[in-house]
Amino acid sequence: MDEAFAHIESSGNKKNKAGWVAPDGGWGYVVSLGVGFTFMLGFGSSNAFGILFHNFFLEQESGSGLPLVIGVYNGALSISGFLGGIALKKYSFRQVGLVGAGLFILGDILTIFVTRTYQLVFTFGVIRGAGFGVMIPVSFTAFNSYFTKKRTTMMSANQTMSSLASITFPMLVTYLLSEYGLRWTLALIMAIDLHLLFAMIVMHPVEWHLVKTNENNTELTSKCEVINVKKVEAFDEAVVKMLPGDDKECEERETRVKKRESIQKHIIKTIYENIDLDLLKDPRFVSTLVGVGFAFVSDVTYLAMEPTLLFSYKFTKIEVASCVMVGAVSDLLARFGLAIFTYFYAVDSRLLFFIGTCVTVFLRIALVTSSELWFVFAVTAISGLVRCSVQVLFPLVLIMAAPDRFPAALALHILFSGVLMLIADPLIGVLYEETGSYVYCFLAMSFCCLLCVVLWTTEYFVYRTNRNAN
C-alpha cells in the first residue's frame, strides 16, 4: 500500500479507526531500533571527529579548520532539522528520512576524497550535517507515533545506544587509523553508515500497524493525528491541482521569474508559519533561549576540540581516545543517575541546568591549566558527569519557559543555536589562528557559559525585585 493512500484511508475511515491505537510495541520495536541506529551512527563518528581528522588538519596547517567544520556541521544540522520538521507535514517519514540518509551517505563518500579544508567544510559540514539534521525530526516523530506508555523506556534504550557509540567510536577510529589510514577509515565509516538507509526504510506510517482496542474513546497520539490531517489536506490539494480545467490559462505562459517568486514566497510563508515570533516578546523566554543557546555552543565545541587540545599536550592517540571514552562513560553514568534520582524526587530543571553551567565555566578553564594525564582525565570525567545537565535537561528548561508552546519554543531554539554555532565556532577558530594557543579557545567556551550564568542571574534578581515591589 502506498504511504500517501495509507494517510487517505486513515482520514476517510475515521469511524472505522475509532477502535484502533498505536501499537506501543510490535513494529514499533523495529522503528525504535532504527532510531537507535540513527543516533548511534550520527553522533558516534561526529564525537570522534577531532581524532579522525587530527593529522589532516596538521597537514593543512589550519588550526582554525576544526572549529570551522564543526560550526558549519552543527549549523547545517540545526537548520535542516527545522526544515525537516516542516517537510514532515507534507511527506511521509520514509520519504523525508531517505533524503536525509542519502545526504548523510553522500557526505561520507565525498569526504573520502577531500584534500583541502574548504572541501571538508562542504562535504562533512554542509552535506553530512544537513543529512543528519533531516533524520532527527523523522526519528523523533516516528518514535512518538508508535509509543505512548513505553515511550520513556524505549527512548532511554535509544539514548543508551547513542552513549555506547560515543564510548566505542573513539577507540574504533584510533584502531582503524593505525591499521588502514585516513582514506580507508573514512570508507569503512561510510560502509557502516549505509545502515542508515535501512533505519529510514523501517519508518512505516503508523496506520499500517495499528492495533485494535476495547476502549471506545481511544485516539491516536495528537502528534500523529495533526501530521496525518495536514498530509491529507496537502495530498487532496495536489490532486485537485492535477485535475484538468475548462479554461486553459496555461502554465506555459507563466514566466520562470513568476514561478521562482511564487516558490520563494511559499518557502518564506511556510517558515514564518512555523516560527512563533510572539514568544520573543517575553523577556524571560528570550533570556532562556539565549542562555541555553550559548551553553549549547560551549558543550558542542568542547566535544570537538578537546582531542585537539590533548594532542597539543603530546598525548598519544590511545591516551586521547581513552580520555574521550572516560568522558562518554561519565556522561552515561550521569544520565542513569539522573533518571533514577528524578524518578523518586522532583527537581527544578532550570536550577539544575544553571548549576551545571556554573560548574562548566570552571571546568573549561581547569582543562587548560595542566597537561598532567591524571588531571586531564579527572577534569574530563567530571565534565562528562556535568554534561548531562545541558544535554538532557534543555528540553525541560524550554518547557518551563513556554509550557503551552513547546514546539514553537523548540523551533526557535534550533534556529538560534544553529545560527549561533555558525558564527561562534569559526570565530573560535580565528582566535586560535591569531594566538596560536588553544587556551584562549577554551576560555572562549567558558565565556559562553558565563554569559548564560550572568544573564540568568540578572533575570532572577530583576524579577525578584519586581515581585517584591508588587
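Keep in mind that glycine also has a Cβ here, set from the backbone N, Cα and C atoms.
Sequence-distant contacts of the transmembrane segment (27-53), counting only residues of its own chain at least 6 positions beyond either end whose CB sits under 8 Å from a CB of the stretch, comprise 66, 69-70, 73, 104, 120, 132, 135-136, 139-140, 142-143, 146-147, 150, 154, 157-159, 161-162, 164-166, 168-170, 172-174, 177, 182, 185-186, 189, 192-193, 195-196, 198-200, 202-204, 208-209, 303-308, 317, 320-321, 324, 328. Per TrEMBL, transmembrane segment is recorded for 27-53 (among others).
Among the features that TrEMBL reports, transmembrane segment is placed at 65-88 (among others). If you look at the transmembrane segment (65-88), the same-chain residues 6 or more away from its ends with a CB under 8 A from one of its CBs are 46, 49-50, 53, 57, 96, 100, 117, 120-121, 124-126, 128-138, 141, 227, 270-271, 274, 300-301, 304-305, 308, 411, 414-415, 417-419, 421-426, 428-429, 432, 441.
Residues annotated as transmembrane segment in TrEMBL: 95-114 (among others).
Sequence-distant contacts of the transmembrane segment (120-147), counting only residues of its own chain at least 6 positions beyond either end whose CB sits under 8 Å from a CB of the stretch, comprise 22-25, 27-28, 31-32, 34-35, 38-39, 42, 46, 53, 56, 65, 68-81, 83-85, 87-88, 93, 96-97, 99-108, 110-111, 114, 154-155, 158, 196, 200, 203, 206, 209, 220-221, 223-224, 227. Among the features that TrEMBL reports, transmembrane segment is placed at 120-147 (among others).
Summarising the annotation, TrEMBL assigns transmembrane segment to 184-203 (among others). Within its own chain, the transmembrane segment (184-203) is flanked in space by residues 27, 30-31, 33-35, 37-38, 41-42, 45, 52, 92-94, 97-98, 100-102, 104-105, 108-109, 111-112, 135, 138-139, 142, 173, 176-177, which lie at least six positions past its ends and keep a Cβ under 8 Å from the stretch.
Residues of the same chain lying 6 or more positions beyond the ends of the transmembrane segment (285-304) and with a Cβ under 8 Å from any Cβ of it are 47, 49-50, 66-67, 70-71, 74, 279, 350, 353, 357, 360, 364, 383, 387, 390-391, 394, 397-398, 400-402, 409, 412-413, 416-417, 420-421, 424-425, 428, 442, 445-446, 448-449, 451-452, 455-456, 459. Residues or ranges marked as transmembrane segment in TrEMBL: 285-304 (among others).
What TrEMBL records for 324-344 (among others) is transmembrane segment. Listed as Cβ neighbours of the transmembrane segment (324-344) (distance under 8 Å, sequence separation of 6 or more from its ends, same chain) are residues 47-48, 51, 156, 159-160, 163-164, 166-168, 170-171, 306-307, 377, 380-388, 391-392.
Residues annotated as transmembrane segment in TrEMBL: 351-367 (among others).
Per TrEMBL, transmembrane segment is recorded for 373-398 (among others). With a cut-off of 8 Å between Cβ atoms, the residues of this chain six or more beyond the transmembrane segment (373-398) that come close are 288, 292, 295-296, 299, 302, 306, 310, 313, 315, 319, 322-324, 326-331, 333-335, 338, 349-350, 352-353, 355-357, 359-360, 363, 366-367, 406, 409-410, 413.
Annotated transmembrane segment per TrEMBL: 410-431 (among others), in sequence order.
Counting same-chain residues at least six beyond the ends of the transmembrane segment (437-457), those with a Cβ under 8 angstroms from any Cβ of the stretch are 67, 287, 290-292, 294-295, 297-298, 301-302, 305, 308-309, 312, 354, 357-358, 360-362, 364-365, 367-368, 424, 427-428, 431. The transmembrane segment annotation in TrEMBL covers 437-457 (among others).
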Handout entry: Same-chain residue ranges lying at least 6 outside the transmembrane segment (351-367) that approach it to Cβ under 8 Å
Key = 291-292, 295, 298-299, 302, 306, 309, 376, 379-380, 382-383, 386-390, 393-394, 397, 442-443, 445-446, 449-450, 452-453, 456
